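Following: one structure in structure tokens, then a few remarks.
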Amino acid sequence: GAGYVGGPTCAVIALKCPHIRVTIVDLNQARIDAWNSDNLPIYEPGLEEVVKKARGRNLFFSTDVDKGIREADLIFVSVNTPTKKSGVGAGFSADLTYVESATRRIAAVATSNKIVVEKSTVPCRTAESMRTILEANSTPGTRFDILSNPEFLAEGTAISDLFSPDRVLIGSLQTEEGKDACASLKEVYANWVPRERILTVGLWSSELSKLAANAMLAQRISSINALSAICEATGANIDEVSHAIGYDSRIGPKFLRASVGFGGSCFQKDILNLVYLSESLHLPQVAAYWRQVVEMNEYQKSRFSKTVVDTLFNTITGKHIAVLGFAFKADTGDTRESAAITLIRDFLSERAYVTIYDPKVDEAQIWLDLAEACPATPLETIKKQVTISHSALDACKQKEAVVIATEWKEFKEIDWTAVYSQMSKPAFVFDGRMILDAEALRTIGFTVKVIGRGDRL
Ligand code: UGA
């Protein structure tokens, strides 16, 4: 698969290992064409340079999946594993349709031995299912070894994460063959990753570690967001609290930024997977514990929407709000599970008018996301309430309030005096990402609300 994980990961492998031929295959012709063009299908700082250096040398993009399978010694399965929308485990467990069909395809087409590497995030024991499918369908004389090699890169920093990962994790069966396969993959990474950072563990530990890492990271954000609510109610400052607790070397300073809520394709999905797994294992207390991390995130988003309504004199009906940022974080055009979507849905249900500006998100994507978030409202109706703008300044013109939903650097550099002069008065700014200088904005004349900062001192 040539998505957010498979594309950058395999492009970096090609760059760092000129002696290895890397072919990225995907059924989606448009996506492969984009990978072969000057306009890559995903935005990621540094990606273009990597692709340009390796493409045509030892990096190829193709829709000929079968040829790719036949020629490869090692195959990364890096396909979508979205949350199931219907059936058993709907809303929680991962939809493994694509993993299964990719695995079946490998079994059907392979004519020589393969190491099959599970790269997609999948709940525990998927590798085992892949092994069963491969063994039941393989032609005599072909052997398959399965490895789990979860990816830990974050979007927006994918290339630097891949260049110098904190660790590479490889899980294998503890058999001779399993260990040999593991050693082969280790050799690939050892071309640029220090060997002591390449960890080898059992197959299931590897799969569970991926879910565990994301669950612990998301839990940190929900914890700090829970504290941000206390700060707002008491006049404490969440920045100061984060700073103070992060100095404890056991806690550490990273991932303690309060926000309007975490988004992205992974955190919620992986926690819900963990919840489902816990329930399947008859561990309801464990399930409830992790579920609360997601519930706190939902609460944080709705709390923020409510602050906007409350501050604008308890009604936003008919009012005009600019939302700056639509991506789930800065430096990516990805909108999956973005907090901005939930906020805008809330504003629309209060019948406010919303103008959106994001430097990297396509207009078509915004309409898709809003249509999905408001299934009961026809898109034409949504379009009467929503405008998409091509600059931040333009988006804010004549609005009552500006909401910062994504921490894009350019929002810090906006000429806020110019914005203020063109807004309706009183003019409000709601900083859901704690990136603006609230005091400076107040001096200009804005009323400012910041996540995690109370009015009372
Ligand atoms: C996350 C993990 O960080 C990666 O290690 C993992 O590989 C990836 O999921 C995955 O499973 O594929 P990603 O979702 O790309 O990466 O981005 P993050 O940087 O983790 O941010 C997730 C969300 O949390 C964003 O909405 C971000 O704004 C928010 N966040 C992050 C906070 O609100 N506060 C913080 O302190 C950090």
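Backbone N, Cα and C atoms are what each Cβ position is placed from, and that goes for glycine too.
According to TrEMBL, the feature active site, nucleophile maps to C266. Positions annotated as NAD(+) binding site by TrEMBL: 1-6, D26, R31, 79-83, 120-121, E155, 266-269, R336. Annotated domain 'UDP-glucose/GDP-mannose dehydrogenase C-terminal' per TrEMBL: 322-438, in sequence order.
Taking Y4, T83, Q268 as the candidate binding-site residues, the subset whose CB lies under 6 angstroms from any atom of ligand 1 is empty. Counting residues of the domain 'UDP-glucose/GDP-mannose dehydrogenase C-terminal' (322-438) by DSSP class, helix then strand then coil, yields 45 helix, 19 strand, 53 coil. Reduced to three states, the DSSP call for T83 (NAD(+) binding site) is strand.
Burial estimate for the binding-site residues (N80, Q268): highest at Q268, by number of other CB atoms within 10 Å. Within the model, the domain 'UDP-glucose/GDP-mannose dehydrogenase C-terminal' (322-438) carries an average pLDDT of 97.
According to its DSSP assignment, Q268 (NAD(+) binding site) is helical. Around Y4 (NAD(+) binding site), taking its Cβ as the centre, 23 other Cβ atoms fall within 10 Å, counting all chains.
Cβ neighbour count for D26 (NAD(+) binding site): 22 (other Cβ atoms within 10 Å of its Cβ, all protein chains included). The least crowded of the recorded positions G1, T83, E155, C266, judged by other CB atoms within 10 A of its own CB, is T83. For the pair G1 (NAD(+) binding site) and C266 (active site, nucleophile), the C-alpha distance works out to 17 angstrom. Rounded to a whole value, the Cα-Cα separation of C266 (active site, nucleophile) and Y4 (NAD(+) binding site) is 11 Å.
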